[in-house]
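Listed in Swiss-Prot:
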{"type": "ACT_SITE", "residues": "273", "note": "active site, nucleophile"}
{"type": "ACT_SITE", "residues": "363", "note": "active site"}
{"type": "ACT_SITE", "residues": "365", "note": "active site"}
{"type": "BINDING", "residues": "61, 245, 247, 274, 277, 315, 317, 318", "note": "L-glutamine binding site"}
{"type": "DOMAIN", "residues": "195-390", "note": "domain 'Glutamine amidotransferase type-1'"}
{"type": "REGION", "residues": "1-194", "note": "region 'CPSase'"}
């Protein structure tokens, strides 16, 4: 393995620290450590996004996951103060696996390097990996428990490292949204004239979501995961929103019950990603774990109501069971599977035929990613407008 001798101020020389990526099935990859040096454990998943690594790494939906980048070189644009998707700039990925770490930062907005930011936040990374071989393995065998071991930790017997990896908690059955949610309620005010107030449940919300609402004149009250429905009534919301987030939706029973209360109260509802799975469960649908998930910023999705195809940003390892255009009865009226992925037919959106509640599995807030699906926010505002007119507000 060739060694890059470029040095970042205050961090480890690139290529100087041996490291291993160890999978639970015993497969091991040799590389070099960067960022923090030590051990990290998580579920190994891959993203096909060619840009936006900062947005990916600060997305709370990646909590407890080691992210493998398929793009061959990472770090070119450094790190800046504007593109974080977590509220406090926290990196949520458990670790980062790459082929080549850029030796120089080349972006006018950069305030530091990827290497420096990871070291500062204690995030362990490994480079010099044959990521093509690794991604093929994950594609064929599925996402798997993994660990990155660098420095002194990499000197332990591989058999011992494999056992450490195997003994970590599984993603299936994990209720992780409470681990990434805000501790207290906070508010993002509307830009210009305030049209509506939305209560947004933070299950791992990305910061571009309230920005999308704010730009449309919507005041967003962001509440912690599992906040009782009775507690949000004080805000007199025009609508309720459920965000993206990590973990297994089958373990989120409290949030499912809350959404059922929202629907029973006939309050307009919109959900994305984890929120889509929660709405589906409230409708009586089942969820399952995908083999290797959808993670990227160019995933094609078909809207079976309009026939339109959107290119979407996605990050999910679980999905709802259903088929394109499927109609079914719920406690709240007839529902329909509105969207599916053109790559594999996975359910990407559901709605009540009345239009009062809808959700999508992908990320219309587009950070990073295309803006094809941003009209979903306009749709929610129009739904709240119509509801206000009906109620004579």
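Heads up, the Cβ atoms here are built off N, Cα and C, so glycines get one too.
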Mean of pLDDT values spanning the region 'CPSase' (1-194): 93
In three-state DSSP terms, the structure that residue 274 (L-glutamine binding site) belongs to: helix
Separation of alpha carbons, the residue listed as 'active site, nucleophile' and residue 315 (L-glutamine binding site) (Å): 8
Number of other Cβ atoms within 10 Å of the Cβ of residue 61 (L-glutamine binding site) across all protein chains: 28
Which recorded positions sit within 10 Å of the residue listed as 'active site, nucleophile' - Cα, from 245, 247, 363, 365: 245, 363
Euclidean distance between Cα atoms of residue 363 (active site) and residue 318 (L-glutamine binding site), Å: 15
Environment of 61, 245, 247, 274, 277, 315, 317, 318, the listed L-glutamine site - residues of the same chain whose CB lies within 8 A of the CB centroid: 204, 244, 246, 249, 273, 316
Binding residues 61, 245, 247, 274, 277, 315, 317, 318 (L-glutamine) - maximum C-alpha distance in whole Å: 14
Sparsest Cβ surroundings (other CB atoms within 10 Å) among the binding-site residues 245, 247, 317: 317
